[in-house]
Amino acid sequence: MISPAWSIFLIGTKIGLFLQVAPLSVMAKSCPSVCRCDAGFIYCNDRFLTSIPTGIPEDATTLYLQNNQINNAGIPSDLKNLLKVERIYLYHNSLDEFPTNLPKYVKELHLQENNIRTITYDSLSKIPYLEELRLDDNSVSAVSIEEGAFRDSNYLRLLFLSRNHLSTIPWGLPRTIEELRLDDNRIPTISSPSLQGLTSLKRLVLDGNLLNNHGLGDKVFFNLVNLTELSLVRNSLTAAPVNLPGTNLRKLYLQDNHINRVPPNAFSYLRQLYRLDMSNNNLSNLPQGIFDDLDNITQLILRNNPWYCGCKMKWVRDWLQSLPVKVNVRGLMCQAPEKVRGMAIKDLNAELFDCKDSGIVSTIQITTAIPNTVYPAQEQWPAPVTKQPDIKNPKLTKDHQTTGSPSRKTITITVKSVTSDTIHISWKLALPMTALRLSWLKLGHSPAFGSITETIVTGERSEYLVTALEPDSPYKVCMVPMETSNLYLFDETPVCIETETAPLRMYNPTTTLNREQEKEPYKNPNLPLAAIIGGAVALVTIALLALVCWYVHRNGSLFSRNCAYSKGRRRKDDYAEAGTKKDNSILEIRETSFQMLPISNEPISKEEFVIHTIFPPNGMNLYKNNHSESSSNRSYRDSGIPDSDHSHS
């Protein structure tokens, strides 16, 4: 049996504990008025906020702040006190620097679609437990990443830097990274040290860069022993890369390049590879046995290649017919010769390969006869193709011409200044080529900052017009023979030339066509006699028509008075003539006009007379007032114009 005193003590203790815990509970469940809170998820997105609201609950785990206008000044310092926050969504805001004051234990940070330019060690060291960092669609460049910025990011597994301004792979990335996305930047080269140590990397995406075979080191991917997916889509490769890591690589994407050759050892030891895509390239044949090591291949996609179904492709037919059902091969359709065009290689008979044909496409190694060749260093703008001490460099005039070598002209380039911001580039090829890489750079600019502009032109073209240049500025133009028709060109040495645009003023045309076009408005050409006579007749005819129209308009009233009926009259004209004439006659209205018929020749008396109206046959109604006591009585037509029925002499 509990005594009353002891019961009172227990009740008081419970009340005290409740009073202490209640404020904390209320504070934990508070929510900013502009947000919505739901069990640790704070929804403040799409609210046009310029700063992160205060009063976020302490038990928050995920902050949705995307699609606002939050800038760096709008991140409060007390945000770092939210120790339970693990995910922050700040994409599509107005950040121009990597944000600070973030919660220490955040693991997932979304900063896409801002304008972030710099990444510093100070900002990353305050969030050491970060595992996923997404920086797509920002303005990050290689020089804006501080050296050693990631040295304390020992838990970082995923780094997305797609669609930025990178010209090289960032140095010093943590070894823990498993997925690295660098697509749609301007990376021309990848050296072995840049990826050295990334032994945990499983997925590497390098789509849409400026990579060619010279820009890839010999064994740049070889040490990535855990790599399972490699994507090199939309680059400038002319041959499939070699020395790929064969231990775990399962997916390889090489589509949308300029690959016209596959080295025999390109896919050696890739026994785990099950998906290979080489669509949209320039492959016409494949070396025999190229797929022998692909033990686990199940998806082989080779669409949109100019396959030449000659004798060298007969082995492919035999290989396809021996594959198990689980292997899915797409895109092996003949494009040449014409007799098998559009047919699947797998369905061809042995006789159709025509192995005795002397015109079979073959792959031959060729080297260009260019003496004293200077090979460009990596990450630098390529030097001129030859050293010729006895020949002076061309002066910076409007027109220039250069060739690959006096002994053998591989490419001959001619550049002409067309306008103050346009140059015309033309070239001649000594060898048939499938594609060339044309690039231009304003002199005085560093290639590291993305000022090089490149484009791929087909071998059939012989000229190109470059626009949107700066007036009165020097430029360097280079061309690289990427490949030749059915041949592989190992030496991709550029041929360069310097030129300058015209000053910004009234441009004086330099071409004969432009001169003729400018002079043409001031010429007095001899017109044909028939044209002169026809023009004179037309002018006289127009003048006569104008005179007739003027005369008819002037005498229109006279003509109408001579007619008994005038259908074009208006009702108010009838009223005006009928109500003002004084005559001892009867007013007859016919159609829309009238006629005064005299009754006798007697003089008009001064007595009051009444004009009796004869209604016309067209149904026009006249509303008449029967009150005739006063001379001021009036009746109104339906048009509102007064009509006097009584008049006094």
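Note: Cβ is positioned from N, Cα and C throughout, glycine not excepted.
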Stretch carrying region 'Interaction with ADGRL3' according to Swiss-Prot (options 38-67, 128-157, 248-277, 338-367): 38-67
Of the residues ASN226, ASN555, the one that Swiss-Prot lists under N-linked glycosylation site: ASN226
Confidence summary for the domain 'LRRNT' (29-58), mean pLDDT rounded: 91
For the glycosylation sites ASN226, ASN282, ASN296, the one whose C-beta sees the most other C-beta atoms within 10 angstroms: ASN282
Neighbours of CYS35 (disulfide bond) among the glycosylation sites ASN226, ASN282, ASN296 (Cα to Cα, within 10 Å): none
Secondary structure at CYS309 (disulfide bond), reduced by DSSP to three states: coil
Shortest C-alpha distance to CYS44 (disulfide bond) - which of the recorded positions ASN282, ASN296, CYS309: ASN296
Site of maximum Cβ density within 10 Å, from disulfide-bonded residues CYS31, CYS35, CYS44, CYS309, CYS334: CYS309
